[in-house]
Structures are given as structure tokens and as C-alpha cells.
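S.K.: For reference, the structure I am asking about is given below.
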Amino acid sequence: MKDLLNLFNQQRQTLDFDAIKIALASPDLIRSWSYGEVKKPETINYRTFKPERDGLFCAAIFGPIKDYECLCGKYKRMKHRGVVCEKCGTEVTLAKVRRERMGHIDLASPVAHIWFLKSLPSRIGLMLDMTLRDIERVLYFEAYVVTEPGLTPLERRQLLTEEQYLTARQEYNDDFDAAMGAEAVYELLRTIDLQSEMTRLREEIASTGSETKLKRLTKRIKLIEAFLESGNRPEWMVMTVLPVLPPDLRPLVPLDGGRFATSDLNDLYRRVINRNNRLRRLLELNAPDIIVRNEKRMLQESVDALLDNGRRGRAITGTNKRPLKSLADMIKGKQGRFRQNLLGKRVDYSGRSVITVGPYLKLHQCGLPKKMALELFKPFVFAKLQRRGLATTIKAAKKLVEREEAEVWDILEEVIREHPVLLNRAPTLHRLGIQAFEPVLIEGKAIQLHPLVCTAFNADFDGDQMAVHVPLSLEAQLEARALMMSTNNILSPANGEPIIVPSQDVVLGLYYMSRALENKKGEGMVFANTSEVKRAYDNRVVELHAKVKVRITQVDVEAGGKRSSGTSIVDTTVGRALLSEILPEGLPFQLANTEMTKKNISRLINSSYRLLGLKDTVVFADKLMYTGYAYATRAGVSIGIDDMLIPDEKKGILTEAEAEVLEIQEQYQSGLVTAGERYNKVVDIWSRTSERIAKAMMDTIGTEKVENAKGETIDQKSMNSLYIMADSGARGSQAQIRQLAGMRGLMARPDGSIIETPIKANFREGLNVQEYFNSTHGARKGLADTALKTANSGYLTRRLVDVAQDVVITEIDCGTTEGLIMTPIVEGGDVVEPLRERVLGRVVAEDVYLPGNDEEPIVTRNTLLDEAWVAKLEDASVQSVKVRSTISCESSFGVCARCYGRDLARGHQVNIGEAVGVIAAQSIGEPGTQLTMRTFHIGGAASRAAAVDNITVKTTGSVKFNNLKSVAHASGSLVAVSRSGELSVLDGHGRERERYKLPYGATITAKDGDAVKAGQSVANWDPHNHPIVSEVAGFIRFIDFVDGVTVIEKTDELTGLASREITDPKRRGAQAKELRPIVRIVDAKGNDLTIPNTDLPAQYLLPPRSIVNLQDGAAVGVGDVVAKIPQEASKTRDITGGLPRVADLFEARKPKDPAILAERSGIISFGKDTKGKQRLIIKDTDGSEHEELIPKYRQIIVFEGEHVTKGETVVDGEPSPQDILRLLGVEPLAAYLVKEIQDVYRLQGVKINDKHIEVITRQMLRKVEIVDQGNSKFLNGEQVERQRVIEENARLVKRNELPAKYDPVLLGITKASLATESFISAASFQETTRVLTEAAVRGTRDNLRGLKENVIVGRLIPAGTGLAYHAGRRKASGLTDSEMETLSGKPAVAEPVAAVADAGADEE
């Protein structure tokens, strides 16, 4: 009622707006906001608690304290609404205007705004082209600045010290103006003529040659352009009027005992007003200059503190020595306005409690304590009580509820029926952390949770708590039921596999009932149907694990929904037959006729979802759970100390290993191996031993000898409880059992390096003191890591969400033909990820043909590949498929459904409006806590087993070489002379089954295309030495070999052979630094030979530490080893693993010593070395050269005369993503990022779909750098959104003008988030001050396109169900095309958009 009467007096309400603009406020604007000037620093009268007149809480300025009542009490009541009391000056209106009415302070002297002064780059400094130090000297009265030189030789903006100023005054009298303080800066800014300055700068840019100058000029041009375009004036960066925040936003609350609690802002404002008034008085009194100056400086400092305390000098502190919270602190940081109150708010109608198991619940239910439900649904209960006539008023209803009368509970039951509630468990790392359930009222005080959703919530019942929220509106209930119900979220959005999968007890029960054992009671019986089996089992005629034959009726459901059934007799076990009773109709029994390990159960649920759909699967999952619990109870599996069987072979294996270690120790003492080699070998031996013992132990625990029905003794999988648990995937893993019953093995120190003495005991035998001490090292590090990891992982997720938050599906098809080429991932002998898994759920970009048949495509363009299509591709043994990808999507905002493909959580093509960016960020961030924190050291056993020295193929097939260069050795085998060579094994269909890297110098025993058998060795090499291989036959000639200077003669004690080692140039004398030991190969007459097919001499530069075993003049054949470089010499480089690695990749950080890639294709040669660098020259086909200086310590992995292609590695190391983008382009970069990130996750056994990484990569690539501005409005070197450039270029081409040329730029996720078009989104992420300063200067408008901006301004997000709302809003506002164009700043599209894409098309 009150608000209704207030209709006429409402403050300007802005409900409907399309964009928000931020700009500098002019003094006039500030005055127009203000309701009066605050003249006194007083707040409220301590006796009457009434605000003082003209003070910081003045009622005349800001409005009345009580609704419709003036301060002195002359006017009370509604009838005087709008009257201004003549006695106290208060307007009679609502008290809440005190939250919105502002005041102002007229400053006696101008004050520079600290944000525009100190926030780097300093805007005032750029504008005036002065350094920040100089401006500060002027502002804080340490120097004069010339504001108007007149006819004097002084320069404008020249700084003068006190002495210089006085001298100048004497010399030129009043011919020039100079001043100090903010007035001077204000004057300088006011007199800038932006337009002419702009013209002058453009001319200067054209004429200048220096890089640094160009950068500075470009920056200034951009700033001045921004001022011109936004209509801001430069002098507004210096304030003459200060706005005062409404008093209710900086409250002053009386506490008991006559003290007050106040907002820090009041203190800061008080200081400003005090100093301002004092300055005014001093000016009126014509006080001496020095006093006035000091007061002005203090005023400047107090305004600085009010705006951003602590930005300059020491922060002003309050009574408790704590810095006061300034206006800037109010909005930034986790506790600031953006993150604390706008992006996340506390809500009503919510409660939290501990969770317990609800094993009897259905999947869509949760147990809600009655007490809690009553409190949450109170208003609903009140309403119903009134409607039933059980209570006449709300008050009466309240009494009934408080007394908890019987009828209240009945009514609560009705209210709750089919009203879903949301359950949330913190931390909510992905969208499955909030799901909807139908509540079931229960006694007790704990919420009951269905066991199958625990995986999604990552919940366990050791004291976890969950929060309950009630969706109130009908729409909210609808969304909760249709989108968030636990039964609608069976698949994980990260990888499309079921997430409602039984674990632990349930798996154990299902595994136990589906195991087959030999010679059990009833083996060999034949049953007519499953119910007969059940009868037999209940009557104890057969045992659960007995192998029997059963007639099973099988129903097949075809794609059209047609059903056909048939019966067959199946070999199975009693348990599996019982399991078949709960299988839904249409699910093939053979899926369940196996051991039900966790993997198999997951496969079962997945198949059920794909074949039969959602409803059947949900019912099935529930049945599986009930059955699992029932049989786990029956099995009564538990572990005891006797289950940990220690293998008998352990002793022998350990003795062997100890002998080996002793031998290496002796070799080390006699100087045959270096300390590093000894350590590596010892660690290698122990990790091998640990593996052997583990294998022996698994054999001991996992098998047992039994008699079968025929009386023969055979091995079968044992029913050892420990083994059952690990084998089924219920709990524990081989690694853990190995510690219980094998040997604990090697331990790591906190820095990740490995202690070379292993722990030989296991927990069953017990550790001695030293072993225990060694193991505490790593364990403590583990705990410290976990704490750090959680925080880091959360921060990574936050950055990912921020960079991708505005990626939404906006249209069906963008029409691009681009895409990524997908091939299976093969590492070593294993196909890590087959093609079918990589392309499942993607859309084909180009028709796919059978290998070697170009007539009839198997799959046509724009087909969404589902399970059936993928199987077809596999049958046709297709090796690579080009699929659409978000990286190449051409939609102007968001991405299109075709480029994204299947919605992983639903299994069909993604819907328009799906917020795929946030889903991608959550999918990558959520497993972050499972990744390790530590960096692995290569050369330790933890990283992998012993060094590989040969290739033994695992499958039968044919050999194929990939970009391998080789020479034929006299012995008939080939020797590899390229570094990037690879050997693959293809099966009969030409599909790649294995792929191996062939190192330089490897001897290859098979030829290209040869047939090989499984187990055959096809290549071998020396892993500890890097050879240098001769590519021609001839005689050796040494060059620059000076004994004792460049080479040292060594004689091997054992063999007596002499060898020469090249010395390190650093250790040589000055005159020998230039000598370069080379082995050249000459013919019998001594003429230089050349490398075949080139005109380069056959000579090999020997790096330091290399060893030559041949004598000068010795004969060599093709493929012979001329020299070798001990591999131990190459430093073991750390590889970063886990979370830090993922963060580095997403932040696009350059690695420490990045690999150097060839800048162009051509032939390698080496030029003259400089002091610490070697000169590498690449000469391309047309004879132009590119040279690169490379530090001496880096390993160059190419040789003189070798041909390299652009982007190939020439110096070993981790490639930098920026180089890949620059030299190879976007697709290889995407492939590299996806591969590297997936490697980290795969190591932890986490599955993430490539799509998600691609979505993030797309966001990292959204900016481009202008290389040639053409006739566009951009400047060279400027970074612009790709979309902006494309639009601008389209406009220019239409007018037949020169479009701008650009290169893609890779930004890290933090940089990319801060560089988004929306300043609201960027400001709420990080560096709030910098973002807002930048935006204000540019007069940026935020079109509220992303999700975050809309949440902040309090609207529905433009995604999901909100997409239609936004489209409707735009239609309702009835904007014409041209108006739309002015709003969005881009041309309105003329051609009609497809009806389906309508919602998206309006999403400009």
C-alpha cells in the first residue's frame, strides 16, 4: 500500500536498459546528482542522535530519518508528502531515499584523481606526455611547471625548481605562467586541444623510426582517440567537486554504552571536509604561501585516501591500527561489492544439515528432516492452512505451526508433494554439485542422500554437510524438474560417460554374485528360465558361483522401437542368471554375462542409456543398487591380516637386486661410471625389482589352485577378499596392495627426487625405524600438497570460467568448412585413444571416403557421429577424419551447434542457448584437485621404468616409416639419421596399431613395408650414448684436434683401447677458444667428400664431452659411428606435471628454455660462433638466409647439411605455444594444447572430452594483432577482438578500400579474461581498479552480452531458458534494424535468419 501511494514520487527507476556505459563525471554532472553541499564534518548529535545540519548525515540534503516525518517533527503523516519543512529543511518522503541521494563537497583547490594518476599506465601522464614522477612533484608542491611559456625560451610542461622559477621570474617578469599543485595540472589538461594534438601525433608516427618512440606515440594516440570518441574532457581527471556517498550506504550505528560503530568512509570524508574548510579559511585570510601549499597537499592526500587508501604512501589507519577501507576497497577483491554481493548472494528459503545414506530411496528422491521441511515450506503451509479454514489469519496459522499440531504435518505432506528441492554440496566444482530431488519427509535431523549421486556431489558420509534450497516460482520449479533433476543428469558433462555408477559396496556385491568358480555345488545343471534358477538357489540346491546353463529370453529393440524376442541357452553362473532378472527389456544379456567390475557396470549403464533411453536406465540403476547391497550383505566380505599373502619369491628377487646394486657400486668406486649414472642405475634396478615383486604378489594373491569337475588341478582367480576388492574396482588398487603385501619400494623426498635406498618391507611385515623415517618424508609433503592443491585448483577453475563465461551456443550452423583433423592417439605400442573415441559426438567437416576409394563417401559432411556411425568408420578402418571444432567456428558471438557437436550430458546435438563455455571450464577445473602438484624429475624411477633401448612390436602387421631419413649400413640394416623419424605398425586394414619414435643413430632391422610378427625386434640403439653417424664412406681426418687443449687422450683400463674426449671450450685457454674440433671424411686422395644430394662437405662438428674411438685416417663405412656423446651429459630436465603444468599451458607461458623451431624451411649450416653462442643458419630454396644465435649450453639436434621444414625443432626443449602459432598456425597449436593437457589428465586417469579444451583455446585466440592497418581505424600493433576486425574489413571491402591485415595472438586465460569486451566482467575478475580506470577513460559501453555481466546487473543470463527471455525483451522493445545497429555498433543483417536460429540471431 505504502509503495502504491508513493507511485507518483518514485525515484527515476531504470528497469529496461540494453547497455551500461561508464565515463568520467564532469563537475556539473556531479553537482546535478547532488542534493546539497556537505559543509561540516559533523555526523550526528551524540545526545539526540539526530543528524547535524550541513553535516555528513544532514537530513536536509539526504532526506528524512523516518518515513514521511521531517526532522523537527513539524510535518508527520502521508498527507504532507513532498513538503519541504521550512524549519529544518527536510523533505517529507520515504526514509529509503537516504540510500540514493548524494551530496557533494566543493573543493577549495582542484585535486588529481588518484586512479588516473597512479593506476599504470598513468592516464594523466600519457595525456600530458610527462613522467609520473614529474607530475607527482608538481602535485605535491615540489616543483613548478610552465603552463604558458609566452614569448620566453621556456618550454610548455617544463619543470622548474624553486630557484629556477625565481631566476626565470626575474629574467622574464610576467611573460610566462608557471604554477604548482593540482591547479597547474588542471590548467595543462584544460588547454590541450585534442584534435590538433591528434593530427600532430599522426604526423610524428609517420616520420619516426624508433621502436620505443612508436610505442609511446601509439599509446598516446589511443588515449586521445578514446577521449575524443567518448566525449570525456581531460581536465575531468582532476576533480573540483567531490561527490558524497548517500549516508545509508556508510551507516553510523549507535552501540550500547554511548559508542558508535561507523563505516570507515565517514572518517575519510571527515578528514577531507576538515582540510577543505581549513584551506578555504586560509585562502580567505591570505595566509603565507607555504602554509596554503601544505594545506593543499594535505587535501590532495586525504582525497587520495578516500578514493583509494594505500595506493600512495602509507595507508591512513583508524583507531585500531588497521588501514581504513576506502571507496576502491569497497568494490575490489573477494570481499568487495562485485564478488561478495553481486555475483553470489545469500538466499532465503535454505537450510543445511549433515548427510547420511538413504539406500532405500529412489534416484529422484532425497530424505528431508520434518523440522527442516516445515521451516522451509512455512509460507506454503500457512497459505494452505488458511485455504482449508483451519486457521483464519496468518497469525493463527503461525500458532498452529509452532505447536506442531497433527494437521500441520498432513498439510506439509501435501505441500511437499512434487515440489522439488535443490541440494548443493560445497565446493560446487561443476554443475552436478547442485541437483534437484523430490523430498521425502523423514524423522531425525540429517538429510538422506541417494548413494548413486555421491560421485557427482563428491560426497561421502563422514560428516559432510549439504544445503537445501527451495525453488519458489513455478518457472523455477519447472526448471528444477526438467533440467536439474538427478534422474536427468545421468551422464557427466565432462566426458559423456555415466556418472550415476555404483561404487564400493554395490560393486562388491555385484562382482561377488557374478564371479564364476570351479566345481561348486550344482555345476553343470540346466535350467528352463531364471525363476527356476532362483528357486534352486533359494533352496540351496545350487551355489551362487556355480557354472550352469540357463534358457534366457532375449528382447531386441530396434531403432524404430520395434521389438523382437528370441530364446537361447546360455553358459552362465547362478549369480549372473539372477542378475539378468533385473536387466531392462532390450538390453543384451551378454553385457551382464561377465564379471561385474566397476568398468563393466559403467559400460552396462552406458549401453542401457544409449539403447533404451533415460527412464529405463534410471529404474535399472536403482535396481542394480538394491541388488548390489543385498548380495554384498550376503557375501560378508571383509579383510583380515591373513589375506595379505607375501610371495615366496620375494626373498630371491631382493637378493638378486642387492647383488646388482653392489656391482654398480664397485664399478663406481673403480671410476667406470659417474655418480649420476650410478644413482640412475640403482634407482632403475630398484624400480624394476619393485615391479617384479608386485607381479609375484598379485599372482600369489590373485590365483589359487583348485580341482575342477574332472578332478584336474587348475589355476583360477582367487576369492581373496583383498583381491576381490581391488579387482572389482570397489576399493583399493594394485599400488596399495603392493604396499601391504609386496614391498613399499622407492620413496620420494619432498622436492620430488628419489631416495635411492628403497623400503624393502611391506606393511604386513612392518617397517623398521629407518624405513619409517624415510617414508614420512613423502607422506608429509603429500598432506601439505593437498592443502595447496585445493586452493590452486579452485583458482584455475575461476580463471577458466571467467575466460569462457560468454561462450554460448547461438546458432545451428555457422557454415564453415574448416575443422581439425582427428587421428587416433598412439603412444609406443598402445593405442591410447582410438579414433572412435576422439570423433564420437563430433560433426564431420568434409565427406569421409573409404581409404583408396573416392567414389562413394561413407559419411557425408555435417553428420553428427553417434555410436552407430563410429562403428561404421571403424569397420571401414578409416585413419583420419576432419571434424568441426569450436576453434574454427565462425559464429560472431558464441559458437554454433554444429561446430560443438553432441551435448555430452544429454547425448544429442547441443541445444541453442547451452552455456558450453562454463561447462568446459567446470569440466577442466573439477578434476583439478585430483591432479598432483609436484614436478617430476626425469631420470628418477618414479617417472618410468628402465631406459628403452629397442623396439619390439606387439602386433603382427607391416612396418611403415614416417618422415625418417636413413642410410644403409654395410651389414644390410638401416641407420636412422633424422630426429623426428617414427616407425608405425599397421594391421591388415592399414590401420595404425603402434607408433614409436626412432632416435638418431638407431639401427633398424626391418625395411619400409616389411611384414613383422608380434614380439619381433625391429630396431635397437644405445640408450646411454648419442652417436654421430657417417653418411658417406671414406677416411677420417681430424681438424683442430690439439692434444691436451681441445682433446684429451684416455686409455680404458679394462680394454686398453685409446679414446679421445673433446674438452669443454670454457676450460680452454683464450687462444684455443676459437678452435672447433671437427671430424671430416675424405676420399683416398684426401679430397673432401660431400653429403649425398647436397653440396655440403661431409664433416661433423664435435660437441664438448664427445668421445672419438677411431684414429686419424681410419676408414669408415656408411652408417658407421664416428663419435659418441654420453647421454648422461644431457642434463635431466624437470618436467612439470600435474596442476602447474595445466595452468602453464592455459596461461600460455613460455617455457624456461623453449625449443627453438626453424623459422623457415631450408638447409642447416653453422656460422662463426660468438662468445657464448653458436650461430645457426637456415638457407632456404631461393638462397635467402635466416640466422639464429643459440646459447652454447643448448643441445642442437640438427646437423650441418640437414634439411628442416618450417616449424621443425632444431634445438631441444619444450616448444613455446606462441612459436607453434606463429610458425605452424592455429590448428597445430590447438592440437598441441589438447595433447599436452590431455597427457596430464590421462596420467591421473581422468577423462575429459577434447571439446572442452578447444572451447578454452578458442577464447585464448580471440584477439588478433594488426600487422597492416590498411584504411581501417586500427593502428599497427594494436590488439583487437577478431570479430571487430572481421566486421571492419567487411565494411572496407564493400567500399573498395584496403582491409587491415592481422595475425592471431595467443593470450593466457588471465590476460584473455581481462581483455574481454565487457568491462563489468573484467572488473569483477581481477585488477578492478585498472579495468575501471581504462573503461572510464574510453567511455566504454558494456552491451551485457556475457553471463557474468547480466548476473551483476540482476537479470536472467542470456543462456539456457534466459535466451528466449532476452530475445523476447528485444522484440518487445520494438527496436528497428537501424536502432539495433546503433546499439550494437555493427551493421544489421539483412538476409532472413532461419526460424530455429531466431533466438540466437537476436543475441547481438
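Backbone N, Cα and C define each Cβ position, glycine as well.
Below are the features listed in Swiss-Prot for this protein:
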type: BINDING; residues: Cys70, Cys72, Cys85, Cys88; note: Zn(2+) 1 binding site
type: BINDING; residues: Asp460, Asp462, Asp464; note: Mg(2+) binding site
type: BINDING; residues: Cys814, Cys889, Cys896, Cys899; note: Zn(2+) 2 binding site
S.K.: Cβ within 8 Å of the Mg(2+) site centroid (Asp460, Asp462, Asp464 excluded): which residues?
M.R.: Ile355, Ala459, Phe461, Gly463
S.K.: Given the Zn(2+) 1 site residues Cys70, Cys72, Cys85, Cys88, which other residues of that chain have a Cβ within 8 Å of the mean position of their Cβ atoms, reported in sequence order?
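M.R.: Surrounding the site, in chain order, are Ala59, Leu71, Gly73, Lys74, Tyr75, Glu86, Lys87, Gly89, Thr90.
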S.K.: From the Cα of Asp464 (Mg(2+) binding site) across to the Cα of Cys72 (Zn(2+) 1 binding site), what is the distance in angstrom?
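M.R.: One finds 56 Å between the Cα atoms of these residues.
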S.K.: Taking the recorded Zn(2+) 2 site as Cys814, Cys889, Cys896, Cys899, identify the other residues of that chain whose CB atom sits within 8 Å of the mean position of the site's CB atoms, giving them in sequence order.
M.R.: Glu811, Asp813, Gly815, Thr816, Arg884, Thr886, Ser888, Glu890, Ser891, Val895, Ala897, Arg898, Tyr900
S.K.: Where's the emptiest Cβ shell within 10 Å among the binding-site residues Cys72, Cys88, Cys889?
M.R.: Cys72
S.K.: How would DSSP class Cys896 (Zn(2+) 2 binding site) in three states?
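M.R.: DSSP call for Cys896 (Zn(2+) 2 binding site): strand.
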S.K.: Go through Asp460, Asp462, Asp464, the listed binding-site residues, and name the one with the sparsest Cβ surroundings, counting other Cβ atoms within 10 Å.
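M.R.: Among the binding-site residues Asp460, Asp462, Asp464, the lowest count of other Cβ atoms within 10 Å belongs to Asp462.
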S.K.: Minimum Cβ neighbour count within 10 Å among the binding-site residues Cys814, Cys896: which residue?
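M.R.: Looking at the binding-site residues Cys814, Cys896, the Cβ with the fewest others within 10 Å is that of Cys814.
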S.K.: Of all the binding-site residues here, Cys70, Cys85, which one's CB has the most other CB atoms within 10 A?
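M.R.: Counting Cβ neighbours within 10 Å, the top one is Cys70.
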S.K.: For Cys899 (Zn(2+) 2 binding site) and Cys85 (Zn(2+) 1 binding site), what Cα-Cα distance in Å is obtained after rounding to a whole number?
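M.R.: Here the two Cα atoms lie 67 Å apart.
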S.K.: In whole Å, how far does the CA atom of Cys70 (Zn(2+) 1 binding site) lie from that of Asp464 (Mg(2+) binding site)?
M.R.: 53
S.K.: What is the interatomic distance between the Cα atoms of Cys889 (Zn(2+) 2 binding site) and Cys88 (Zn(2+) 1 binding site), given in whole Å?
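M.R.: Just about 66 Å between their Cα atoms.
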S.K.: Nearest to Asp462 (Mg(2+) binding site) in three-dimensional space, by Cα, is which of the binding-site residues Cys85, Cys88, Cys814, Cys896?
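M.R.: Sorting the binding-site residues by distance from Asp462 (Mg(2+) binding site), the top entry is Cys896.
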S.K.: I need the nearest neighbour of Asp460 (Mg(2+) binding site) among the binding-site residues Cys85, Cys88, Cys814, Cys896, using C-alpha distances.
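M.R.: Of all the candidates listed, Cys896 is nearest in space.
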S.K.: Measuring Cα to Cα, how far is Cys85 (Zn(2+) 1 binding site) from Cys896 (Zn(2+) 2 binding site) in Å?
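M.R.: About 62 Å separates the two Cα atoms.
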S.K.: So, in DSSP terms, is Cys70 (Zn(2+) 1 binding site) helix, strand, or coil?
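M.R.: Cys70 (Zn(2+) 1 binding site) sits in coil per DSSP, no helix or strand.
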S.K.: Across all the protein chains here, work out how many other Cβ atoms are within 10 Å of the Cβ of Cys899 (Zn(2+) 2 binding site).
M.R.: 29
S.K.: Can you tell me how far the Cα of Cys814 (Zn(2+) 2 binding site) sits from the Cα of Cys88 (Zn(2+) 1 binding site), in Å?
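M.R.: Here the two Cα atoms lie 66 Å apart.
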S.K.: Round to a whole number and give the Cα-to-Cα distance in Å for the pair Asp464 (Mg(2+) binding site) and Cys88 (Zn(2+) 1 binding site).
M.R.: 58
S.K.: How many Å lie between the Cα of Cys896 (Zn(2+) 2 binding site) and the Cα of Cys88 (Zn(2+) 1 binding site)?
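M.R.: Here the two Cα atoms are 63 Å apart.
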